[in-house]
Amino acid sequence: MNKHQKPVLTGQRFKTRKRDEKEKFEPTVFRDTLVQGLNEAGDDLEAVAKFLDSTGSRLDYRRYADTLFDILVAGSMLAPGGTRIDDGDKTKMTNHCVFSANEDHETIRNYAQVFNKLIRRYKYLEKAFEDEMKKLLLFLKAFSEAEQTKLAMLSGILLGNGTLPATILTSLFTDSLVKEGIAASFAVKLFKAWMAEKDANSVTSSLRKANLDKRLLELFPVNRQSVDHFAKYFTDAGLKELSDFLRVQQSLGTRKELQKELQERLSQECPIKEVVLYVKEEMKRNDLPETAVIGLLWTCVMNAVEWNKKEELVAEQALKHLKQYAPLLAVFSSQGQSELVLLQKVQEYCYDNIHFMKAFQKIVVLFYKADVLSEEAILKWYKEAHAAKGKSVFLDQMKKFVEWLQNAEEESESEGEES
């Protein structure tokens, strides 16, 4: 039975479109080329950087980014979990990598420069490198203590020079790393290297931007997640700046919660005695100073009412409102420093809210008569402790009252001498 031949077009060539071509996935070929080049460059990191720069045009860094970074850090391709795939075959590994380097800051910084140059040259590797570092932090248990230390130093230096974002640290919150104490130990080494590159303010600013400032306690198991434990651990390790930072962050969080609750109670017009008891309990429980609380109270009291938009009416409304809450403010302005904080808060509020500009002196006099502010605090504020905002306006408003206070003080002194 004869088969009919299908017609054939002659003179035509059909090429596979480039996007349809499939590259054979051969990370082993990539590995062998990379390992050979690194071994030839040896300990000369300038030569390593040049090799990586030129080889990027021949090797597919984009496709094999994880293999590239595995070898540069660990000297070998890594299996899931962090074990070395080629551990038994030394020809497929290199000792010219971060894990085989000397454990000192300057040496690891030189390696960090290799990564910087590579990523500047091949910008598309930036995200892949970030993912690689997150992965390596998850694999910490598979690495020796010395390797963990070098990885911590590398991470800290790269965080310091901006090559890596602080979000890589989220890998440290993995349960297994936290429970075995690896997370906290690694974090200490990382932060030390970071602070050797940048000051504490820069480090804490990066943590805030990455929303990690409130998660630092998670480096420890649940039963040790206290500010005191964190502070001792990090202070003992020479990182007191981080301990202080965490205390401030925790205090800010507590203050926000306290302000929210206070606002709620004032809006419900709770009796002042109840509010006083609540605030005192919170101060004791959270170790809050009176200077912090008086500022919160002022803000809450002023937020508890909708103010008249007319300047001539707002002063009368403010005095009526503040007279009601003067007993509350008086309880928490028992110290000279607290009184000065309150005076500065009043000054700033009156400056920021233009309708209150002319009410400042009247508010201060009201607080003086209600025993919220003492004569000493008002005189100190006038002479040296006033804020910069609108100071000329407010000092001028207070001039006559201050003169009256000074005259009264002189009279009482002369009466005391006569008696």
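Cβ atoms here come from the backbone N, Cα and C positions, even for glycine.
Of SER251, SER414, the one with phosphoserine in Swiss-Prot is SER414, while the others lack that note in the record, though it may still apply to them. Averaged across the domain 'W2' (248-415), the predicted model reaches a pLDDT of 90. Cβ environment of LYS117 (N6-acetyllysine): ALA49, LEU52, ASP53 lie under 8 Å away, each six or more residues apart in the same chain.
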